[in-house]
Amino acid sequence: MMKKPVRVAVTGAAGQIGYALLFRIASGEMLGKDQPVILQLLEIPDEKAQKALKGVMMELEDCAFPLLAGMEAHSDAMTAFKDTDYALLVGARPRGPGMERADLLAANAQIFTAQGKALNAVASRNVKVLVVGNPANTNAYIAMKSAPDLPRKNFTAMLRLDHNRALSQIAAKTGKPVASIKQMAVWGNHSPTMYADYRFATVEGAPVKDMINDQVWNKDVFLPTVGKRGAAIIEARGLSSAASAANAAIDHMRDWALGTNGAWVTMGVPSNGEYGIPKDVMFGYPVTCEGGEYKIVEGLPIDEFSQECINKTLAELQGEQDGVKHLL
Ligand SMILES: NC(=O)c1ccc[n+]([C@@H]2O[C@H](COP(=O)([O-])OP(=O)(O)OC[C@H]3O[C@@H](n4cnc5c(N)ncnc54)[C@H](O)[C@@H]3O)[C@@H](O)[C@H]2O)c1
Ligand SMILES: O=C(O)C[C@H](O)C(=O)O
């Protein structure tokens, strides 16, 4: 028997990430090839954006996806998020050359206050929320704080792109297939301060750290390459990453909904104090997922270098939180 359709809200649906995301959700790559979806698409109430959204919907229609059980265009979060089971908050201004993601805070923070309130009012009480719009951790924090009637754990930020970037860099360095690398972790903020950590990573049971055995490469090549990859793409493309970001969003939601079978992935989630991070800070952690819930991998040893890196990314996140206090 066919499953009951679930509602998936996507904001910024006519943007570049939206264009790389919606077709994959509708084809079943996110929630499974047996899960029909109803897309609830939000764009700003602007004639050009709404017209572009209509065009994307025409193309979705032309794909005749068997799993696409319905599709709606919205210009108001209060209708777009009605009863939604999943919410991918992508819509926000991207950064341009020379900007840091934190520079977007003022421009984007208000979007997430309003959208958090709308989720609070009308979404399914089990809604799974992924914030992609930058600065993603702090925007997710704002949305969570603006939705006091929803469980905190329902709000997450996207660090999966950083996780995937770290995997690819390690695959290139070790010459091992990307799929063979297990137990990667990225701690903290989706910003250059993030700490991509391969201390626990293995390939077929063998430690990656021993294969590389080069702390200078870790510090001077690996960490800056992963941390500044977003800027490198903006520099090369003239636009911020889109297909890889959409791919990471699919990975994040699929793993959260369908489970990881014990494998580690990275999600930005509200802290409950794990690893000394203050409660509610939206922090990148290694997690496993099962039965629609994520669980932070606990008890990992944190050496001095790692603690310094974690402190730095935490301090940045706390600074961002301070900067939006007046909105909450
Ligand atoms: N977390 C990550 O790893 C990651 C990766 C890539 C991009 N991003 C971020 O994702 C965001 C979107 O990037 P993009 O390249 O798709 O940008 P884009 O400019 O191509 O598209 C953004 C879309 O959002 C819409 N929008 C703006 N405000 C909105 C609102 N309040 N409600 C609904 N829609 C709204 C715009 O009209 C536009 O169509 C940016 O903030 C970017 O920095 C995050
Ligand atoms: O870096 C950006 O501004 C876009 C995105 O967050 C990325 O990491 O590619």
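All residue numbers here begin at 1 and follow the chain in the order shown.
Even glycines carry a Cβ here, placed using N, Cα and C.
Annotations in TrEMBL come from automatic prediction, not curation.
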Write down the one residue from Asn108, Asn154 that TrEMBL lists together with Gly12, Ala13, Ala14, Gly15, Gln16, Ile17, Gly18, Gln115, Val132, Gly133, Asn134 as binding NAD(+). Asn108
For the binding-site residues listed here (Arg95, Arg101), tell me which residue's CB has the most neighbouring CB atoms inside 10 Å. Arg101
Anything from the binding-site residues Gly18, Arg95, Arg101, Asn134, Arg165 with its Cβ under 6 A from ligand 2? List those in sequence order. Arg95, Arg101, Asn134
Rounded Cα-Cα span from Gly133 (NAD(+) binding site) to Arg95 (substrate binding site), Å: 10
Taking the Cβ of each of the recorded positions and counting other Cβ atoms inside 10 Å, which one has the highest number: Arg165, His190? His190
Check: min Cα-Cα distance from Gly18 (NAD(+) binding site) over recorded positions Arg101, Asn134, Arg165, His190 goes to Asn134
Taking only the CA atoms, the spacing between Ala14 (NAD(+) binding site) and Asn134 (substrate binding site), expressed in whole angstrom, is 17
Within 10 Å of the Cβ of Asn134 (substrate binding site), how many other Cβ atoms are there? 28
